[in-house]
Amino acid sequence: MRLAASSLLLGAAASLLSSATALAVRSDNPGSSAGYFVRSLPGQPPGPLIKMHAGHIEVDHATNGNLFFWHFQNKHIANRQRTVIWLNGGPGCSSMDGALMEVGPYRLKDDHTLAENEGSWHEFANLLFVDQPVGTGFSYVNTDSYLTELTQMSDHFIKFLTKFFELFPEYESDDIYLSGESYAGQHIPYIADAILKRNADASIKWNVKGLLIGNGWIDPSNQYLSYLPFAYESGIVEKGSPIADQIEKQVAVCVKTIAEKGRHHVDLNQCEQILQDILAKTKHHKDGKEVCWNMYDVRLEDTYPSCGMNWPPDLSSLTPYLRRKDVLQALHVNPDKTAGWTECAGAVSSSFRALKSKPSVELLPDLLKEMPILLFSGNKDLICNHIGTEELIHNMEWNGGKGFELDGAPGTWAPREDWVFEDEPAGIYQSARNLTYVLIYNSSHMVPFDFSRRTRDMLDRFMEVDIGKIGGTPADSVIGGEKAPITSVGGTPNSTAAVEKEKERVDQARWAAYYRSGEVALVLVASAAAIWGIFIWRQRHRRRGRRGSYAGLGGLKMTGGSRDRLADGRESFDEDELRDLTVASPMFERDRDLEAAEARRYSLGGVSDDESDDEGRIEKRPSVG
């Protein structure tokens, strides 16, 4: 009997040590969340790094389809946990534009130096950037397997999110906001619709709370026909001129095509030609070069036929930075599976014509029954201009009314309210029946590039952030003559309640991470050591022929207690058989130090250059044209 008990103890210790070794190995590969942890970032600003994860997630084994993501943890804890997913357009343009030129925590000062972005959207929300469809940016797929339709894209995205939440279950119960710009105006509604369908049969629902689409390509039939009116409004084309007459003829061809083929198309070549004609017929010579208007910011010019493809200026730093070997290693990019980073993948765009897909505007009425949607437009963008967005709203029927009619008052339109940000006219707000439209002054196709702090104020208001208990200095934002709710702070969380909530979340996330990462190996090793110690003590005790107490175990202290569970009920590893055994050892002292360091890192965020010199900088990119 004694031999059996001794064998059992030895077997348990060996089993625990074996498990610890296996877990330690798994913690360093991409199959665990620890394998995605970004420990350092080349060119990072001074001070501790924001907590982030990055890498690939497989969405289609048969075609070698993998999507790349980059996730940043929030800076402040607000009244609820939120995750904002950001997608750039194209199709085929990388969301690293959004991460490093628009709403992410960092901006590039040059090709090797990062600066903090004062207007980063991670202030009150976790940020998740995804390169999609497959083949975009750092994502990859077999070259004969590029996607062609919007439903294929949304299916891949559901698979991506499923695996992402398996790796990071602490974020699955967050309020989710889907955001992006340009051709993401097609992607975002399709993804939202797919999530709602998935939720119908899922035990754990994904809480999609809203959509934000900037300068979105949503309703092609209305937006194609907005090109010439915008060219008139902005002075690019003079109404009644010979150039105008030529372009009007192409508009007539487009109108005829829509009448014949119907409005249920995402891509019509005859209508695409309108924009090409505007750019080609208004080109001129300047300083010995042939130049044209920048289609993303009509305040600017570019060499023909680029017409904006050389902008924004940050792109000249972004491309070499994202091709650096140390950056690829830091972000866990698979160097064998992807070519050097390019902003927009021509092969993806050429394949993704969505010829069998209906335009996303047809999904909006049903989505507006389930969630609020915000459409925002920079007023200097030509390719996805504000006139087209306003026309699609005016012609759309949703929630019992048409356009911005007020509830119960047909024919009465919601007022346009002036938005003043820090004593400067910032734009116009208009809302009705779950839809909000924001026109943003002096901004391009890439609004957050121009005014990141203003767009964050817009985001935080849309998410109904309540920071009353956090403290800090609020932004000065006024809508319709009334002070807007406090939605922005400076500094770090400074109230007792905020600190306690922060500590609680860090503790919960830490214990969840224990199981998913190799750190659980520390507990198992310590437990195995304790069992081994018990075995040695019992052997000595039997040899001495007398009773003893556990207090005599060299340096090992036994205490009662069990681990806390995550608030959402997910279990960490089972401790029923070890609940009376906790080891006080240098490993646990190290864990306390790590916890303190993690708590400090959790509160850090970004700050960047002042917006006053941002005017004139613009984004790329739909390849919508």
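Every residue, even glycine, has its Cβ placed from backbone N, Cα and C.
Under the heading signal peptide, Swiss-Prot lists 1-24, citing sequence analysis as support. The topological domain 'Lumenal' feature in Swiss-Prot is assigned to 25-516; the stated evidence is sequence analysis. The active site feature in Swiss-Prot is assigned to SER182, ASP381, HIS445; the stated evidence is similarity to another entry. Look at Swiss-Prot and you will find ASN434, ASN442, ASN494 tagged as N-linked glycosylation site. The transmembrane segment annotation in Swiss-Prot covers 517-537 and is backed by sequence analysis. Under the heading topological domain 'Cytoplasmic', Swiss-Prot lists 538-625, citing sequence analysis as support. Annotation source Swiss-Prot lists region 'Disordered' at 601-625. Feature annotation from Swiss-Prot assigns compositional bias 'Basic and acidic residues' to 615-625.
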Relative to the Cβ position of ASP381 (active site), how many further Cβ atoms are located within 10 Å?
31
Measuring Cα to Cα, how many angstrom lie between HIS445 (active site) and ASP381 (active site)?
5
Near the Cβ of ASN442 (N-linked glycosylation site), how many other Cβ atoms are there if near means within 10 Å?
19
Cα of ASN442 (N-linked glycosylation site) to Cα of ASP381 (active site): how many Å, rounded?
10
Give me the CA-CA distance between SER182 (active site) and ASP381 (active site), in Å, as a whole number.
11
Cβ neighbour count within 10 Å of SER182 (active site):
31
Counting every protein chain present, what is the number of Cβ atoms, excluding its own, within 10 Å of the Cβ of HIS445 (active site)?
33
Averaging the per-residue pLDDT over the topological domain 'Cytoplasmic' (538-625), what integer do you get?
35
Can you check what DSSP calls ASP381 (active site), collapsed to helix, strand or coil?
coil
